[in-house]
Amino acid sequence: APIYIAEITTKNVRGRFTTILQLMVGWGASFMYVVGSFVHWRTLALLATIPGLLQVLLIFFIPESPRWLAKVGREKELEAALLCLRGDKADISDEAIEIKNHVESLKSSSRGGIVDIFQKKYVRPLLTVVGMMVLTNLGGINAFAYYSGAIFVSAGISSMVGLITLAATQTVVGILGTTIIDKLGRRPLLLVSSAGLCFSSFLTGVSFFLKDFNWWDQGSPILAFIGLLMYMGSYALGGGLPWLLVSEVCKLFSPMLLQLFMFLQLFPINVKGSAGSICNFMGNSTGWVVGYYFNLLTEWSSAGIFFTFSAFCCANFILIATMVPETKGRTLEEIQASITPSSD
């Protein structure tokens with residue numbers, strides 16, 4: 001979905017539209033947090049099938065990606081899709097020509113297979129994207145998302161109060177991120193978000209450290225509460241931006257598996273799908289490890305696991321500060337041209 005949105009929107013609103021997707025995801029999760037506080041988990045699982053069924057029906061009414069149509073040589077449909085997206089009276093000639101020329105240049109230099117991803121010119125964007133995916137997941141987002149209620153209870157806070165407050169926090173911060181992303185840019189929000197994730201994980205670890213040694217019994221639940229809200233708020237602010245970058249960078253790869261959260265914009269369309277597959281695999285694998293082993297790790301050390309999350313978030317901050325380019329206000333083709341030189 002982030003890749004599709006990046007391909008159909010113009011450069012001046014691309015960031016806003018992609019973060020709206022993240023905002024909607026946050027709202028959905030927040031809604032389920034609230035509903036889950038009142039119903040059995042089996043009922044919650046059945047309710048979750050309804051949005052999926054609606055999506056299957058609505059997807060028949062959206063146009064195909066103009067850039068994908070250009071890649072497969074369906075030029076008339078490309079122009080029709082652009083008119084559908086921009087308006088019947090819009091002048092889409094320049095945009096259509098830019099897309100066609102970029103796709104043709106990529107076709108002439110690459111077949112778009114998965115081996116192409118490992119060319120020298122793609123090493124930096126691939127390492128950047130995979131690194132952000134892996135470090136974001138190792139930073140504990142799945143643990144915080146899956147076990148928020150249990151973490152609140154462990155810290156001595158009512159799960160219902162905590163989850164409802166968490167839902168409200170995600171909503172407010174998500175709206176804030178949507179309104180400022182195309183003004184401030186991707187890098188500043190990513191840096192603020194990753195710094196917030198690092199500090200809030202550390203703060204949560206401190207609260208459990210104090211609880212384990214029975215120090216400041218009244219204050220440790222408050223620290224855990226603040227830490228959890230700050231963590232999910234920080235993720236709502238910038239956690240979806242890696243998928244935006246994926247969709248901006250990944251124009252370099254062919255569309256194979258286009259299910260990635262936000263970074264593939266750093267790749268061209270001839271290798272986007274392959275890059276997306278790798279990033280998706282790495283992100284989901286590390287997310288699964290964190291989600292699966294979180295309970296076991298908390299038995300080892302409740303404080304230690306949150307300090308570990310904080311360390312990974314700190315590493316992600318360093319990666320973003322040193323490797324991630326600013327993509328605000330640039331077309332997908334301009335982004336890819338600046339990141340991947342035409343020749344080795």
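Cβ atoms are placed via backbone N, Cα and C, with glycine included.
Annotated features, as they stand in TrEMBL:
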type	residues	note
DOMAIN	1-328	domain 'Major facilitator superfamily (MFS) profile'
TRANSMEM	20-38	transmembrane segment
TRANSMEM	44-62	transmembrane segment
TRANSMEM	126-145	transmembrane segment
TRANSMEM	151-177	transmembrane segment
TRANSMEM	189-210	transmembrane segment
TRANSMEM	222-245	transmembrane segment
TRANSMEM	257-283	transmembrane segment
TRANSMEM	303-324	transmembrane segment
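Contact counts against the transmembrane segment (151-177), taken as Cβ pairs under 8 Å, peak for 20-38 among the stretches 20-38, 44-62, 189-210, 303-324. Sequence-distant contacts of the transmembrane segment (303-324) (same chain, at least 6 residues past either end, Cβ-Cβ under 8 Å): 124, 127-128, 131-132, 135-136, 138-140, 143, 186-187, 190-191, 194-195, 197-199, 201-202, 204-206, 208-209, 212, 227, 245, 294, 297.
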